[in-house]
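Per TrEMBL, transmembrane segment is recorded for A:17-37, A:62-83, A:89-110, A:131-162, A:168-189, A:201-221, A:258-280, A:292-313, A:344-374, A:395-413, A:419-440, A:503-520 (among others).
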Amino acid sequence: MITTVLAQGGVEGSDPILNITIFGLFVVITLGIVIYVSRRATSSASDFYTAGGGFSGPQNGVAISGDYLSAASFLGIAGAIALNGYDGFLYSIGFLVAWLVALLLVAELLRNTGKYTMGDVLAFRMRHRPVRAAAATSTLAVSFFYLLAQMAGAGGLVALLLNITDGFGQSVVIAIVGAVMIAYVLIGGMRGTTWVQIIKAVLLIAGAGVMTIWVLALYGFNFSAVLADAVRAGGETGEALLNPGKQYGATAITQLDFLSLGLALVLGTAGLPHILMRFYTVPTAKEARRSVVWAIWLIGLFYVFTLVLGYGAGAMVGPDEIRAAPGGANSAAPLLAYELGGTVLLGIIAAVAFATILAVVAGLTITASASFAHDIYANVIKKGELTDPDEEVKIARITAIVIGVVAIAGGILANGQNIAFLVALAFAVAASANLPTILYSLFWKRFNTTGALWSIYGGLGTTVLLIVFSPVVSGKPVNPATGKSASMLQGVDFSWFPLDNPGIVSIPLSFLLGYIGTVLSKDVPNADKVAEMSVRSLTGVGVEKSVAH
Amino acid sequence: MSTTDPSPAAGTRDWQAIEVEPDFQELRRRLRSFVFPVTGLFLGWYVLYVLLATYAAPFMSIKVLGNINLGLLLGLLQFVSTFAITAWYVKFADRRLDPLSSKIRQEIQGVDK
């Protein structure tokens, strides 16, 4: 069985023509919808970035879950649970609990104090140009890591489902995915992107729901029986699947890594720029709250599904076959779909996974391009004195194309990495570079420009530095079975930081830097602006009126 | 006015005077006295859970129902507590925050017109 899978290169029973047809159908239908909804759009920045704030809470909540439930959640977590059992489950819990930070501390206040980007919130009462430049830098950095994770997933999926094994063929398909994504963003702006995310969220959650009920039905709706079968299929190490520590329990260092990962997951969400931007697509703080509530229910439900799917894949497909499949752990969910519903279900799930990558990448692209055009171009380079209002959107569109090309190139390079893990790195950057500054500027009167710059650049710099010198990039032992190291670079070792995830160091450090920078600086924030931000963040003055026209 | 300002006409209000008014102080007190302790609570409970999973693996491996062990049960309890806190906050915001914040908003924007 294992050898036939390897020989074929794709999943046995997979029908590439059928997979491409279903995915093509999704692209055609969503593109049609994108064109349809963008008829009414104007060329204004507000329309391109936030659909004019015209979505309702429930609509935005579904779109948020579409933006958030990336390929990492679906393929990555299901794979991590199938192979590492309980340790994979932590991702789900961290990704969900994190939403409470967004709900209680960030969503509503952010909606009331900004317009398009995180830079808006910081610039409210601090020196515009430096904080906008800093906010845009960290937004672009987080988006880059996140994009890399998604595109790496696309590569693995291509290998798995379209039976394309040579590097060139995979690169062509990644390029096509990137091109479709750019089309969504250029034609539809935030309005079109949001609808793609809504459709995708419904398909993904429904697809995962059907598979979950199917798996449970086969085991007489007894989850304990699914677990028992996963233990059996796991062979000698099967029992360890149920208990904590299979992946991270080996040494004190790996245990610390697990804590670090847990911290990055729970604090990262509320600092993810593409999630923050979604709060601006609704008209009021109350709608922002409703968005998060919808998102929490949908995302929570979905993670319960992935728990069953992960153990289900472990039980019905078996860890050996998953490991041997192209795409490794990421192929657990598609392989399970094939076990359950044959070629057709595999085709549908494959198309849903592609759609997932497409929608998340589109969301990231529009966020990164908004941040560059609005913060860097319009406010830093042009000092907020653009004469032609269409110029900013034009720049945003050009940026979107550039980011799309970078994403394609990154996807080709990062092909084959575990995507849940890459996303965890993006979370570490978001939690370190963005979250401290956002919380300080919303809740701490004295917080000033110096503090913001120290926290953003310090957090971002530390995180990136620690990742570069971590075992993720170089120096992991060579696996005798595959002859390759699990690190990104082969054959070199310049790592000195022992942990895979830097969160446990970089997040507290960034909070500390924000505090020290503020206290040491003589910079006193404008008292009137501070009062204005405080009143507006809690009451929505200005925002609620501005949508009434 | 800067591009950050959602409504340029608003620059003329005396924000510092509004900020010290009792209604606004009460609103801020209500919000903070809810979100800070609750954040402490759920983060504490989450960290406790991760610590247990890391350093008390034998405890988490105790089987409770068939093959379902304590680790899995406590993990699912994290889901339950997240849903519960969400519902609790929505109820709190509807009753204790929204009426007061819309009252203040109307007062401010009414004065201006």
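Using the three backbone atoms N, Cα and C, a Cβ is placed for every residue, glycine included.
Against the transmembrane segment (A:89-110), stretch A:258-280 has more CB pairs under 8 A than any other of A:201-221, A:258-280, A:292-313, A:344-374.
Within the same chain, the transmembrane segment (A:17-37) stays apart from the transmembrane segment (A:395-413): fewer than three Cβ pairs sit under 8 Å, each pair at least 6 residues apart. A Cβ distance under 8 Å defines the sequence-distant neighbours of the transmembrane segment (A:201-221), meaning residues of its chain 6+ beyond its ends; these are 26, 62-63, 65-66, 69, 74, 229, 298, 301-302, 304-306, 308-309, 312, 316, 333, 336-337, 340-341, 345, 348-349, 352, 355-356. In this chain, the transmembrane segment (A:344-374) lies apart from the transmembrane segment (A:419-440): fewer than three C-beta pairs between them fall below 8 angstroms, excluding pairs fewer than 6 positions apart. As a quick check, the transmembrane segment (A:168-189) and the transmembrane segment (A:395-413) clear the bar of 3 or more Cβ pairs under 8 A, pairs 6 or more apart, so the two touch. Listed stretches A:62-83, A:258-280, A:292-313 were compared with the transmembrane segment (A:419-440); the greatest number of C-beta pairs under 8 angstroms is found for A:258-280.
Between the transmembrane segment (A:503-520) and the transmembrane segment (A:131-162), the number of CB pairs under 8 angstroms, six or more residues apart, is fewer than three, so the stretches are not in contact. No contact links the transmembrane segment (A:62-83) to the transmembrane segment (A:395-413), because fewer than 3 Cβ pairs that are 6 or more residues apart lie under 8 A.
The stretch from A:131-162, A:292-313, A:395-413 that makes the most Cβ contacts under 8 Å with the transmembrane segment (A:258-280) is A:131-162. Counting only same-chain residues 6+ beyond the ends of the transmembrane segment (A:131-162), those with a CB under 8 A from a CB of the stretch are 9-11, 14, 16, 19-20, 70-72, 75-76, 117-119, 122-123, 169-170, 173-174, 177-178, 271-274, 325-328, 330-331, 334, 346, 350, 353-354, 357, 360-361, 364-365, 367-368, 371-372, 375-376, 379-380, 403, 406-408, 410-412, 414-417, 419, 422-423, 425-426, 429-430, 433-434, 437, 449, 452-453, 456-457, 459-460, 464. The list of residues near the transmembrane segment (A:395-413) in space but at least 6 beyond its ends in sequence, with Cβ under 8 angstroms from a Cβ of it, reads 45, 48-49, 143-144, 147-148, 150-152, 154-155, 167, 170-171, 174-175, 177-179, 181-182, 185-186, 361, 364-366, 368-370, 372-374, 377-378.
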